[in-house]
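J.: OK, TrEMBL features for this one:
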{"type": "REGION", "residues": "1-27", "note": "region 'Disordered'"}
{"type": "TRANSMEM", "residues": "61-78", "note": "transmembrane segment"}
{"type": "BINDING", "residues": "67, 70, 74, 299, 331, 446, 450", "note": "Na(+) binding site"}
{"type": "TRANSMEM", "residues": "90-112", "note": "transmembrane segment"}
{"type": "TRANSMEM", "residues": "133-161", "note": "transmembrane segment"}
{"type": "TRANSMEM", "residues": "216-237", "note": "transmembrane segment"}
{"type": "TRANSMEM", "residues": "249-276", "note": "transmembrane segment"}
{"type": "TRANSMEM", "residues": "296-313", "note": "transmembrane segment"}
{"type": "TRANSMEM", "residues": "325-346", "note": "transmembrane segment"}
{"type": "TRANSMEM", "residues": "434-454", "note": "transmembrane segment"}
{"type": "TRANSMEM", "residues": "475-500", "note": "transmembrane segment"}
{"type": "TRANSMEM", "residues": "506-529", "note": "transmembrane segment"}
{"type": "TRANSMEM", "residues": "550-573", "note": "transmembrane segment"}
{"type": "TRANSMEM", "residues": "593-618", "note": "transmembrane segment"}
{"type": "REGION", "residues": "677-713", "note": "region 'Disordered'"}
{"type": "COMPBIAS", "residues": "681-691", "note": "compositional bias 'Acidic residues'"}
């Protein structure tokens, strides 16, 4: 008698059934995950785009992760934090937070993606349907970040193309206008580099409430940036994987060139020593530890869904633990290395500024005939005699002393470091256009590498939804990029930088931290840390020890909770402000955001957080008549634990009477019956219909007894073969007799 195929699929739109439960309700001694895999077209229909993408090699995967994790923050955020938070002493909390927070959460995202072979939305739906909102929140927050991150690439393009000159004097930010106009007065009050950034590049408006029309040159560069991003990510990793060889390796080449040049410049040693000279008393400040934890969190690109997507493209037996450790070490060393390079150049810049300052003050002292100073007095004479001058005289003459430390303490981060401070330092290098071109090429590579990862995390979630699988990837990618470009027009106005600051402060902070916290809770306490450890052991042959268990269960969630609470408290205590350009004074003034802008900011935060409780409520009370099936690929073992049992409704818990069928029953025999198992789709309209005449004995207590079965009508055998290092995960191949 042929085995009758029962409908195999999601219950209430989701897979919840454990596969190691016999039909009589008893449990097998070891959990078994069955992965059905077609052979020679036997059960699997070849549908274009149906198979999940995979890396072409280990190097491509590693470079993609490095390109995503090592971003602009390593260049313009980490050096600033070191300078502000105790110099070399900041490395202590940074490395501690790396070990306690960054690496454990990094492994959670990589391993869970590799295990389930799904994007962010699919992973959390699979762990439990009530958690599906985590994937939606991650996708929304990633969209917000992608919107403004590409604007930074736009500005890099602007500076890159304007760096193509023959000499330093021809660089557009080298000199102020010489037309006796208000522009020249404004530039002289600021500086040439500051004026060029705010007036020539951005044409900044006086406030966020007066944006003006889009600046056509920024609009064109933004269009160029999105077109390039589209062509890179339009086919997923099949297209983006070829670009990472450049975006990941080129920044290291440029950093090395700058390092070799920087350490040979005068003042470079002073810059490096100033940055890394430890100030251990700073370690008593809690904000230093909070800054370290926050930097680790954002430098890894956690909670975007990108790491889950990258992990899902790996083979099941990939050693994800080794990958996480290598990438973590590379990320930390890159940040330290980049800081040395940046401050060697800034030390040279400070040296030139000190020389300029001394020349000016010697001239002032000579004009007033103070203590024998003449126009020919040397720098050494100034340094020897200045401490002996009467403080009354120095204050009356507005003399500063021209100290290196004062120049180096004028810290800058973000766009200020890249587009103002560093461009000013580049003017002193020879040939300046060459150094400017390779510097902005490096920023372009870093920006594109991170943007590729951000887009991949968002698009992978979209590609895993059945509805969008009917459409080609380039069409979906083109629609997403077009939408992002249209929304991004707000960044091309005179208030573009102000809006970017607001997005950076609100859209990509609270939402990401909430998602990260719930990811740890979902994997460790709902999916189960023991089962997760077993999954890692099956995939890698390495069983996570006490370090992983403690950081996953206690330390990691505690640190992320502290980041979340401190961020909320900081926002409430310190009203958020932005730097508005004051043309009359030639400087930036801190200006509070208007209430309507804060309303938009709150709306973005809620948009990134509300899907989590909303999906939980809708699915708990069965409010959705139609739910989206996002599950693709193989059948998975999703068992219940003590912590998940209470979360499941009566409809979700399987009784022995309606337990899942044995593996042999996964083959259809009845005409007119259509069923889907993982990647297999069979119906009465297909010629490859397979009938089963034998059933497994559900009373068998040995898993080895179900490894093979034969059909009597077609003469084929379904062979179960183990996957990974532990024989509890199998794939089913169809072998011709």
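The backbone N, Cα and C atoms fix where each Cβ goes, glycine too.
Those TrEMBL annotations? Automatic predictions, nothing curated.
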J.: Residues of the same chain, at least six outside the transmembrane segment (434-454), with any C-beta under 8 angstroms of its C-beta?
T.: 64, 66-72, 74-75, 142, 145-146, 149-150, 152-153, 156-157, 159-160, 163-164, 171, 228-229, 232-233, 240, 243-244, 246-248, 250-251, 254-255, 257-258, 261, 301, 304, 306, 310, 418, 422-423, 426
J.: Per residue, counting other C-beta atoms within 10 angstroms of the C-beta, which of the binding-site residues 299, 450 reaches the highest number?
T.: 450
J.: Give residue numbers and ranges for long-range contacts of the transmembrane segment (325-346): same chain, 6 or more residues beyond its ends, CB-CB under 8 A.
T.: 62, 65-66, 69-70, 74-76, 78-79, 82-83, 91, 94-95, 98, 102-103, 106, 252, 255, 258-259, 262-263, 265, 268-269, 271-272, 274-276, 299-300, 408, 417, 421-422, 425
J.: Out of 61-78, 90-112, 475-500, 506-529, 593-618, which stretch touches the transmembrane segment (216-237) the most, going by CB pairs under 8 Å?
T.: 475-500
J.: Based on Cβ pairs under 8 Å, which of the stretches 90-112, 133-161, 296-313, 475-500, 593-618 lies most in contact with the transmembrane segment (550-573)?
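T.: The stretch with the most contacts is 90-112.
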J.: Looking at 61-78, 133-161, 296-313, 506-529, 593-618, which one has the highest count of Cβ pairs under 8 angstroms to the transmembrane segment (475-500)?
T.: 133-161
J.: Can you tell me which parts of the same chain pack against the transmembrane segment (593-618), counting only residues 6+ beyond its ends and a CB-CB cutoff under 8 A?
T.: 130-134, 136-137, 140-141, 144, 208-209, 502-503, 505-507, 510-512, 514-515, 518, 575-578, 624
J.: So which other residues, same chain and not among 67, 70, 74, 299, 331, 446, 450, have a Cβ within 8 Å of the centroid of the Cβ atoms at the Na(+) site?
T.: 66, 68, 69, 71, 72, 73, 301, 334, 449
J.: Considering only Cβ pairs within less than 8 angstroms, which of the stretches 61-78, 133-161, 296-313, 506-529 has the most against the transmembrane segment (90-112)?
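T.: By the under-8 Å Cβ criterion, the transmembrane segment (90-112) pairs most with 296-313.
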J.: Determine which residues of the chain contact the transmembrane segment (296-313) at the Cβ level, with the cut-off under 8 Å and only residues 6 or more beyond its ends counted.
T.: 52-55, 61, 64-65, 68-69, 71, 73-74, 77-78, 94, 97-98, 101-102, 105-106, 109-114, 116-121, 123, 135, 138-139, 141-142, 145, 237, 320, 328, 331, 335, 450, 453-454, 456-458, 460-461, 512-513, 515-516, 519, 560, 563
J.: Mind checking which residues of the chain, 6+ beyond the ends of the transmembrane segment (506-529), have their Cβ under 8 Å from one of its Cβ atoms?
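T.: Long-range Cβ neighbours of the transmembrane segment (506-529): 105, 108-109, 112, 124, 127-128, 131, 134, 137-138, 140-141, 144-145, 147-148, 297-298, 302-304, 549, 552-553, 556-557, 560-561, 563-564, 567-568, 576, 601-602, 604-605, 607-609, 612, 639, 641, 643-644, 647.
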J.: Let's check the environment of residue 70 (Na(+) binding site): how many other CB atoms sit within 10 Å of its CB?
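T.: So the number of other Cβ atoms within 10 Å of residue 70 (Na(+) binding site) is 27.
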J.: Far apart in sequence but close in space: which same-chain residues, 6 or more away, have a Cβ under 8 Å from residue 74 (Na(+) binding site)?
T.: 299, 331, 334, 335, 338, 446
J.: Please compare the binding-site residues 67, 331 by how many other CB atoms fall within 10 Å of each one's CB, and tell me which has the fewest.
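T.: Relative to the other binding-site residues in 67, 331, 331 has the fewest Cβ atoms within 10 Å.
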J.: So how many other Cβ atoms are close to residue 446 (Na(+) binding site), meaning within 10 Å of its Cβ?
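T.: Residue 446 (Na(+) binding site) is surrounded by 28 other Cβ atoms within 10 Å.
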